[in-house]
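What Swiss-Prot annotates here:
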- 10, 11, 12, 13, 53, 57, 161, 167, 170: ATP binding site (BINDING)
- 52, 73, 134, 135, 136, 137, 138, 139, 140, 141: UMP binding site (BINDING)
- 18-23: region 'Involved in allosteric activation by GTP' (REGION)
């Protein structure tokens, strides 16, 4: 009997915008759907967390002082619901069964997040898209990804980004930046690296949850990672 594999994939909201920098690019939705479909074909259970930065960021919205940080974060949570519904549509159009679960109750649009219900959906081969962050301000969608992964007992979190992994410093600014294939949780919290925010990394460390950072636009990358090939990615785990 094949061992159950369950993963949580975190997509940034900005990635959905493509070159436009804002909104949702249909071609990217189609690409994401094709990549997730390959995972389902290979009997991999998939949860997804999506950011909202292509629409609004709570921190940025609050910078001018007119909007409070809590309200800005609430706006950001709603942005993730918009993105989650878009991903749901794309996945369903490719023939997959999908459920969106929101941390904030909004019955007209999606289910309310219930851990055991999410687990049952995954066991039945459905993709579950987790929306509205943790439902609380001051927590990032990266922290949401780790939290949901721990709750659903995922084997790993894959942070699918626009770069191929983690460097010891910004490769856009420094030509001598070194690619890090593996690093510890403590190294991942260093200011010059910042794989995720400290809350997310600390939660992953406490639960020994591996985090793989990869290029989401590399076709077949997600499946390769889950099958054990992380040569083109960065993995955060215990030494």
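Yeah, the Cβs are placed from backbone N, Cα and C, and that goes for glycine too.
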Cβ-Cβ under 8 Å with the region 'Involved in allosteric activation by GTP' (18-23): same-chain residues at least 6 beyond its ends: 54-55
Neighbourhood of residue 52 (UMP binding site) by C-beta distance under 8 A, where only residues 6 or more apart in the same chain count: 13, 76, 77, 78, 79, 80, 82, 83, 141
Secondary structure composition of the region 'Involved in allosteric activation by GTP' (18-23) [DSSP: H/G/I, E/B, coil]: 3 helix, 0 strand, 3 coil
Mean of the pLDDT scores, which run from 0 to 100, over the region 'Involved in allosteric activation by GTP' (18-23): 86
Secondary-structure category, per DSSP, in which residue 10 (ATP binding site) falls: strand
Env. residues of UMP site, Cβ within 8 Å of mean position of 52, 73, 134, 135, 136, 137, 138, 139, 140, 141 Cβ: 58, 76, 77, 133, 143, 144
